[in-house]
Structures are given as C-alpha cells and as structure tokens.
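A.B. asks: Structure below; questions to follow.
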Amino acid sequence: MDAIRSRNSEHLNVITSIRSKTEDHLHHIASIRSEIREIDPSQAHNDVELLAQIGYKQELRRHYSTLQVFGIAYSIMGLLPSISSTIATGLESGPAGLVWGWFVASIFILSTGTSMSFLGSAIPTSGGLYYYTNYYAPHWIRVPLSFLIGCSNTLGLIGGLCSISYGFAVEVLSAVFIQTDGDFEITNAKCYGLFAACIISNVIISCLTTKYAAHWQTISIIVNTFLIILFMIAVPAGKKHDFNSASYIFTNFENARTTYSTAWSFFMGFMPAIWTIGAFDSAIHCSEEAKNAQRAIPVGIVGSISACWILGWLICIVCAACIKDGDTARVLSSETGNPMAQIIYDALGKKWAVAFMAMIAVGQYMMSVSILIALSRQIWSFARDNGLPIVYNFIKVINPKIQVPVRATIFAGCLSLVLGLLVLINGTAGANALFSLAVACNLLAWGTPVFLVLLPLGRKRFVSGPFYFGKIISRIINCVTSCWVVFVIVLAMFPDSRDVDKDSMNYTVVINCGMWILSLIYFYVWGYRTYTGPVSNLDDEYSEGSIQHLDEVLKEKA
C-alpha cells in the first residue's frame, strides 16, 4: 500500500511539474508582445502621416483612385461570373429561394461591410484585420488571436482565388461541352488542368502588370458592367419560350436537399450571395496604395456591396424568369455542368450560349487576377510583421523597381495550386470545400475585430475615422454583424445532405478547424519567437523626416 501511495505521489508530482512548466511557458508567451501605438486619424494630415502613425513607412506606390478602390472589390465580386458559378446552390431551394435568399443575405452582408468600413476608415493598413484584432483585443490574448486571424484571412483569400479559378475552369468546359453538342467528357483532371493554367497565368500577369494594377480595376469595372447589361437585355429579349409567372419566381420554394427542412434549405440558399458579395476586405488590403484611403475604403466596400446587392438581385430574377418550362430540376441536372449555361442555351440557342459562357469566363478570369492582387498584399503585410510562418523574411521583400510584392504574389499562386488539388482528388466535394473555405475563413477574420470593438477595451481604444454613424447606430450595426458572422460560419460547414459520404462531405469543417487549431499550436510551440504582433518598420531617418510634425502633435496630446 505504501508503495502504491509512493507511486501515486510521484505521478502527481510529475503532473504538477508539467502543469507548472506549461503555465510558465504560456505566461512567458503572453508577456512577449509588441507595443500598442496610439492612433488618432484626426491628427494625420495625409495618408503617409497616418500610415507612419500606424507604424509603417510608405513602401508601395499610391496610385489607386477612389473609383479604382471600388473597382477591386467590385471586380472580385464579378456578379455574372460569380452567380454563374454558384447558382446551383441557390436553385436547390427553388427560384424563390434563389431570389429572396440573395435579397435577405445582402442586407446582412451590407451590415458586415459597413462594420469593416468603420475599421478601415480609422486604421487604413494592408494588414487590416489581424492588425485590428491585435489593436482592440485584451492584452493577454491579442498576439495569438491576431496570429490566428492573419492565418485565417490569408487562407480565406486563397480559398477565394481557388474557387474563382475553379469557376473559370467549369465555365470554359461548359462552353466546350455545348459547342461539341455533348461530345466531350468533363473530368476532374481537365478541371484541375484549366484551374492550374488560370492560377499560373494569373501570377505571371500580376507580376508583370502590378505597376498598372489600378488601371486593371477600371477595365474590370467596364467588363463586368457590360456583361451584366448584356445578360439582362439579351436573355429575356431573345428567349424562345414564355417567361415564368411572378408566383413561380417569387413564391415557389422547392427543396432539392430532401434530407433538410425547406426552411434550412432556404438558409443554405444564402450561399450564392455570401460567396459572391465577398472579399470586400480587398479594399483594406490595398489601402496602402490608395489615395485618400480613409474615404476611399468605405466607398469601395459599401459601394461595391450595394451595387452587387441590387444588380445581383435583378440577375437572379432574370434567371428564375427564364428557366424553361419552370423545370428547376432539369436545369440543376444539366449535362453542361452549369445551370447558367443551360438557362442561356434554352433562351438563346447554341451559338449565343457558347459566346456568353466565353464572355463570362473572361469576367471570371479578371476576378481571379484582382483577388490575387489583394491576396498578395495580405500575405506581404503579414510577412512584414513576421507573422507568415517560416518564409516571412523572403516574402516581405518589395521589388524596388516597381514597388510591388512580387514574391508574395508567386507564393500565393503556389499555395493555391496545392490547395486546388482538392478538385483533382474529390471533384465536386473538393470544389464545394474551396467555396466554403473562402466564406468561413474570411468571416472569422471579418467578425473578430468587429466583435472586439464591442467589448470594453475595444470601445475605449477605438477612435473613428471620417466614416462613422455615431456610437449608438454603429454599435447596433456591429452587433448585427457579429451575430451574422457566427450564423454563416455554422451554415458554411453544413454538408448538402444529412446522409454524408465521401462525395457529399463538406470538408470545410476539417480544413478550417484543422487550420485554426494548427495555427494556434504552431504559434505556442514556435511562432511566438518571431511574431509578437504588428511591429513598426520605421527607421530613424524616416521617423525624423516624415513624422516630425506627428510626434509633436502626439506629445501635445499626451
């Protein structure tokens, strides 16, 4: 008995020792954090001074006008190509599910974008979301939490690039299928081959034309708007069958997800709008290249969401009105692999369907270039703060000739090619995981700093920029955004059916949760050695020359 007690005592001592060492390790990590800078946007005279106040020197060329900041978000949303890629998800809850799902979801997306605009107008920096998390979070958690958000936002934008590029591949293959009258087999290997070609060419174009990236956004605005106008005129005018009734369009809820209730199927029909009207944080990631960033960011975010809300709703109505004979199931099971291609084919015939799908693919391709530009800025800014694991010193180098993050662009392309292997491995299920991955990861990154601003410390630290609706209205909007984010993250992780197998499994749960857990494990095991939160890269010469006036103002205020 004494021997047993002795062994138990030794065992307890070992556990106590491990617990003590763990607590000491966590306490040590919590004590390693960078300085929080006092930021007051009203005290900065221009973009460069405000960026210096945030803690960074101006390394990128500011060439984005307010219209072009709007353009990068609007281009990434790419209404007609995006709806073409995701319309099947909306139609599974019926034409009314597609139409009203878009309208209702857009209200909450606008709330989210407004909350993001409050933050971007106050602290316009390319790091954006992980910087805000570090700035507004309680001290004991701010560094690991901002690291998690930096990783999540990066992976979310990569998921966005992958899903856009996959949509491009499907649209091209659908055009080929129609052109050959069905004498063409669409396989996972062909999808991945086109996907990879899209990514690689995106990287080349982005590296060669990043000096002219702002002009690219202007062209993209024109192309996407032209596609929308052409679709809404040509498809209804040229259709060879009768329009569906108003009751079919606005009241006919169906449920192709028979294992779920009609109500839950309707909620899952939110996904086309959620995925399409996304990546609006791209305006924040390009803020260090924007002129008058404090005002350009809100215009870019709120303006692009509002435009896509209304125009996208009209596109959904046109699609529902032009479904041949009101046969939703036939469109969903189309051999073209794309319901939008079938709708256009039924309305306009073979030649127009091929032409439209080709034009939609061009719009989709332009989307992928735009999101790669935003993604490269997020990766570069995270590497600048030593947050990107392992390769941060290599990635944070700016090309001195054209002042753009070329290495970050190439790195983003390589990661996307690896993640896109899900399409080759598991076809539709892998593609759905890429779509949901972009939604869940980005929503966590968007929602976390918004929620933190609602907490006592965040409210105390928050100093608004020129875009703000006052304390009461702004807090209500932030509360709505926080609730919406939680709901959609859960929604994005549900499979299409309760009867889950390897083909219907939603791998977002595995990928997202696994990435979030691994990010925190990496941080506590090794990452804390290099990442201590956003760090200033201002050198003495820059500080003395460019922000002398700012230092004087802050001293007076103190």
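Placed from the backbone N, Cα and C atoms, the Cβ positions cover glycine too.
Pulled these features from TrEMBL for this protein:
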- 67-88: transmembrane segment (TRANSMEM)
- 100-133: transmembrane segment (TRANSMEM)
- 145-169: transmembrane segment (TRANSMEM)
- 189-209: transmembrane segment (TRANSMEM)
- 221-238: transmembrane segment (TRANSMEM)
- 263-284: transmembrane segment (TRANSMEM)
- 296-323: transmembrane segment (TRANSMEM)
- 352-375: transmembrane segment (TRANSMEM)
- 404-425: transmembrane segment (TRANSMEM)
- 431-455: transmembrane segment (TRANSMEM)
- 476-495: transmembrane segment (TRANSMEM)
- 507-526: transmembrane segment (TRANSMEM)
A.B. asks: Kindly say whether the transmembrane segment (100-133) and the transmembrane segment (67-88) touch, using the definition of 3 or more Cβ pairs under 8 Å where each pair is 6 or more positions apart.
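C.D. replies: Contact absent: fewer than 3 Cβ pairs fall under 8 Å.
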A.B. asks: Is it the case that the transmembrane segment (507-526) and the transmembrane segment (431-455) have 3 or more CB pairs under 8 Å, with pairs at least 6 apart in sequence?
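C.D. replies: Result for the transmembrane segment (507-526) with the transmembrane segment (431-455) is yes.
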A.B. asks: Considering only Cβ pairs under 8 Å, which range in 296-323, 404-425, 476-495 makes the most contacts with the transmembrane segment (431-455)?
C.D. replies: 476-495
A.B. asks: Quick check: do the transmembrane segment (404-425) and the transmembrane segment (476-495) share at least 3 Cβ pairs under 8 Å, counting only pairs 6+ apart in sequence?
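C.D. replies: Since fewer than 3 Cβ pairs under 8 Å link them, the transmembrane segment (404-425) and the transmembrane segment (476-495) do not come into contact.
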